[in-house]
Amino acid sequence: MIVGIGSDLIDIRRVEKALERHGERFTHRVFTEVERVKSDRRRMRAASYAKRFAAKEACAKALGTGLAQGVFWRDMGVVNLPGGKPTMHLTGGAAERLNALIPAGHRPLIHLTITDDFPLAQAFVIIEAVSVE
């Protein structure tokens, strides 16, 4: 059963300006170490960061909190499964909120799709409660 849906659209140029203006102060405040390492290796660095930013916003919306109620930027990180498919790894307040959404006898499954087509980056998140039986 679907317990949360979120989407976000961001202008890559906005992230590009934040990177130019604030550099590591911005990246260390918003992104996990895994995300920073991956994005910093990309040729289209700003687009990579923008997709991850959009994914965090979409995830926060799917959790039903936005970036409030104990959910912080670095509590949500984009990670890739062994086959390369992106998903979200949640910690801290985001993980607590996720667990509160999931009914007994179920486990959470987070679906993520991210894309970019300059000047836009977009993400969709669906949180599903899957029966453990």
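Positions of Cβ are set from backbone N, Cα and C atoms, glycine also.
Neighbour density for GLU57 (Mg(2+) binding site): within 10 A of its CB lie 21 other CB atoms from the protein chains shown. According to DSSP, GLU57 (Mg(2+) binding site) sits within a helical segment. Summarising the annotation, Swiss-Prot assigns Mg(2+) binding site to ASP8, GLU57 and lists sequence analysis as the type of evidence.
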